[in-house]
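Participant: Per Swiss-Prot, the features are:
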- HIS11, HIS13, GLU106, ASP199: Zn(2+) 1 binding site (BINDING)
- GLU106, HIS129, HIS152: Zn(2+) 2 binding site (BINDING)
Amino acid sequence: MARSVVLVDCHWHLTASEFDHDIGSVLEDAKTIGLCALVAVAEHSGEFEKVIELSRRNAGLVFPCLGVHPVQGSATGPQRSATLQDVEDALPMIEQYRDELVAIGEVGLDFTPRIACTDDQKEEQRNVHSRSAGRPTINLLRDQGAEKVLLHAFDGKPSVAMEGVKAGFYFSIPPSIIRSEQQKLVKQLPLENMCLETDSPALGPEKQVRNEPKNILHSAEYIARVKGISLEEVIEITTKNALKVFPRLCHVLPK
């Protein structure tokens, strides 16, 4: 692969416990395959400090997003729907670190307007979870006047995704696409609306095996095969798309 080719992982979970013992080697492996920017998302305010701390420690490679996932829970307790209190707890910290963030995320259907809904925030970049809620999520974002939107690991119908394309939204494709029922999505989406992600440690090429950012090449290779174009072209265009979604990444990429 040419040295000038660079990759962006638009969505992964840096603070997941699965990475606690070897995060350094995970990041080194990511750099080895050409990843130059990894967008790390948070799901609740309890993760915010760790996301910020690790992004500062790995400045120039890891870039933070802070948000409230629509499903809250832990390994020791049951899952529950996020509440407005979760959002209220998160907002002061999001504001505190706003200058360091590349986007708001991970957010979902119920709370995207609450976190970014004013006229001044319409251009706020958003990293969005829309599982089982593709059409209402797209409609809501469009009604809010959102402009820079990434819908990660979209699981809706391709026809619904095309409504997002018409609104100018982007869709990131994880490595699990090689074994996914969503392969029709890749066939129909224009490459100009695609980005790459891993959603590590989930959505890897193999079930029940920890996913890592280095596996992002599985996404790119699959897209190249389906579209009948070179891997280099897929990487070049998806990276350009990532810079449109996350303009703050522009200055860190090789010229």
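Placed from the backbone N, Cα and C atoms, the Cβ positions cover glycine too.
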Participant: Highest CB neighbour count within 10 A among the binding-site residues HIS11, HIS13, HIS152?
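Facilitator: Checking each of HIS11, HIS13, HIS152, the winner is HIS11.
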Participant: Once the chains shown are all counted, how many other Cβ atoms turn up within 10 Å of the Cβ of GLU106 (Zn(2+) 1 binding site)?
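Facilitator: Taking every protein chain into account, the count is 23.
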Participant: Given GLU106 (Zn(2+) 1 binding site) and HIS152 (Zn(2+) 2 binding site), what distance in Å do their CA atoms have, once rounded to a whole number?
Facilitator: 9
Participant: Taking the Cβ of ASP199 (Zn(2+) 1 binding site) as the centre, how many other Cβ atoms fall within a 10 Å radius?
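Facilitator: I count 22 other Cβ atoms within 10 Å of it.
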